Amino acid sequence: MDSFVNSNSKNDSETNIISGKERKLFYQELTTTITDKPKDSFNLVYLSFIFQGATLLMPFSTYLFLVDFYTEKFCELNLLYWAMVSVILCTSLSFAFITTIIADRVSLSKRLVTGHILFILSLSSFLLFTVLTSLGIFDSAPHAIGYVPLISGFISGIGSGIIQPSYYGLSSLLPPRYTQALVVGETASGVIIACFRVGTRLLKPAGSCESYDTVIFIALTVVFMIVSIPVLKFIYWHKYTNYWFKLVQKNFLIEYRVLDQHSTDSFDEDESVIAGRTDTLISEYTTTFGDGNVSRKFNGLKLTIQKKFIIFKKTWKLQLTILSAMIITLLLYPTFLTAAYTCGSQLCDWGPIITLCVFTLFDFITRWVILIPVKYNQCVLLLLSLTRILFIPLFAIFIFPISNPLVSFKFGFPIFQIVVAVFGVSNGFFASIPLMLIPTKLNASDKESGGIIGIFMLFIGLAVGILLSLPFYETVLVRTSNTTNLCCLSHVGNTTWSIFKNNTISMPGECTCGI
C-alpha cells in the first residue's frame, strides 16, 4: 500500500495524489473481499470489549482494594497507599499525553500489547512483594517496603497511560455500542475486584498465613490479565472489526482525496466484511502521503498537535464534562475511606471495603442503565457535572467536627453509604455519557483521536483531583487518628517522603486494631 501510494505521489501537478486509473484499481482492491453483511455473531466482539474494558482498570482497582492490607500490616503506609495511587494516576497522565502525540506513529496493536504486558509485570511484581513480605524477607530492610509498591504502581501507570487511550481509540473506529462496552467493562472491573477481595477474605482458611487472602486475591487478577491477551487477538482478527477498520480507512482516503469523492461505489454502514490484517490497516490509516513534502506529512509533530486541537474544539463541552467529573470524584475518593473509618469504626478494616463495594456497584448499575438511547444536550451535561461539587459539603458532615460529627456515629455509617451510592450513580453517568458521545460528533477519520483525547482529559481529571485531595486527606487522617483506634498511627503526621527518608515504617505485627 505504502509503495503504491508513494510511487504515485510525484505527480504534484495533478489534483489527486494518484491518477484516475490507479485510483480505480486501488478501489477495486479495497472492495474485492466484500461478501455478506458483517455481523457480530453471538455478540462475541461486544462481550470481548466488555472483558477488555474490565482489564483497563483492574490494576488500579486491585491496589485500591488493598487498603485493608496496608492498614493491617503497615500502619504508616496508609499514607504510602495514597502516594502509590497518586503515582499511578500521574504516570498514567504523562503517558496518556505521550500516547496522544505518538498515536499516529506507533501501530495500535503494539500499543495495546505493550500495555497488557506492563499490567502483568506490575501485578506480578506486587504479588511477589506480598509473598516476600509474608516470609519476613524485608525485616532487615524496612525502607524497601515503601519503594516496591511505588515501583509497581509506576509500571502500572505507564501501562494504563498507554492502553486506555489506545482502547478507546480502537472502539471509536467501531459503532458507538462498542465504546459503551468498554465503559461498562471498566466499571465492571470494580465489581469483579470487590467480589475477589470479599471472597478471598471470607474464604480464608483458619490458621493460614495472614497474607494468604491477599496473595490469592492478587493472583486472581494476574490470571485475569493474562487471559486478556488472547481476547485482544480475537478482537483484532475477527472479520467484523476488520470490516470497520477498512471502512474508516476508506473514508480517510476519500477525505484526503486519495480516492474520488464522487465514486459511484460506496460503503454502506452495514456492508459486509472486508478481511485484512488490522495492523496493516491501522498503519495504512496513518500513512504519510507524498515523497517528502512537509505539507503532506500528517505525522509531523506540529500538524499532529494542531489536528488534535481541532478535534478538541469540536467536542470541548464533552471533554470538559469528563474533566470536571473526574476532578470531583478523585477529590472526594480519599475522603470515602477516611469517613468510613470514622463512621464505621466498629467494622475496623471492613469499613473502607464496604464503601468501595457500594460505590462500584452503583457506578456499574448506572453504566448499564445509560445504554438506553437518549438524546443529550452537551451544555446541560457540562452544567450538571459541575453541580457535583455539592458532594463536598455533603461528605464533610460525616467528618466534621471530628469529635462529634454532624451525623452521629450510630446512624452515620448507613446514611454515609446512601450518599456514596448516589455519588456512584453520578460518577457512572458523567464518566460514561461523554465518552460514548464523542465519536458520534466526529468524522470517521477523527474518531480514534477523539477517543484518545477523551481518555487524556479523564486522566487529567483523575490526577488533578487526587493531588488536590492529598493535603486534605492527610489533615483528616491526623485528626481522626486522635478519635479512632483503627491503627496505631504513631507517625501519622509524617509525609510519605519523611517516612522513606527516616525509615520509620512499622513492620508486620507492630500494628493492631484497638477496637
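Glycine is no exception: its Cβ is also placed from the backbone N, Cα and C atoms.
Noted in TrEMBL for the protein shown:
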- 44-67: transmembrane segment (TRANSMEM)
- 79-103: transmembrane segment (TRANSMEM)
- 115-138: transmembrane segment (TRANSMEM)
- 144-170: transmembrane segment (TRANSMEM)
- 215-236: transmembrane segment (TRANSMEM)
- 318-341: transmembrane segment (TRANSMEM)
- 353-372: transmembrane segment (TRANSMEM)
- 379-403: transmembrane segment (TRANSMEM)
- 415-438: transmembrane segment (TRANSMEM)
- 450-473: transmembrane segment (TRANSMEM)
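Counted as Cβ pairs under 8 Å, contacts with the transmembrane segment (353-372) are highest for 415-438 among 215-236, 379-403, 415-438. Segment contact holds for the transmembrane segment (115-138) and the transmembrane segment (215-236), given three or more CB pairs below 8 angstroms at sequence separation of 6 or more. Tertiary proximity for the transmembrane segment (215-236) is limited to same-chain residues at least six positions away from its ends with a CB under 8 Å from its CB atoms, namely 44-45, 48-49, 51-52, 54-55, 58-59, 62, 65-66, 109, 112-113, 116, 119-120, 123-124, 126-127, 130-131, 134, 170, 192-193, 196-197, 200, 209, 278-279.
Away from its own ends, the transmembrane segment (44-67) comes close to residues 78, 81, 84-85, 88, 116, 119, 122-123, 126, 149, 153, 156, 159-160, 163-164, 167, 171, 177-178, 181-186, 188-190, 192-194, 196-197, 214, 217-218, 221, 224-225, 228, 231-232, 234-235, 238, 240-241, 337, 349, 352-353, 356, 360 of its chain (Cβ-Cβ under 8 Å, at least six residues beyond either end).
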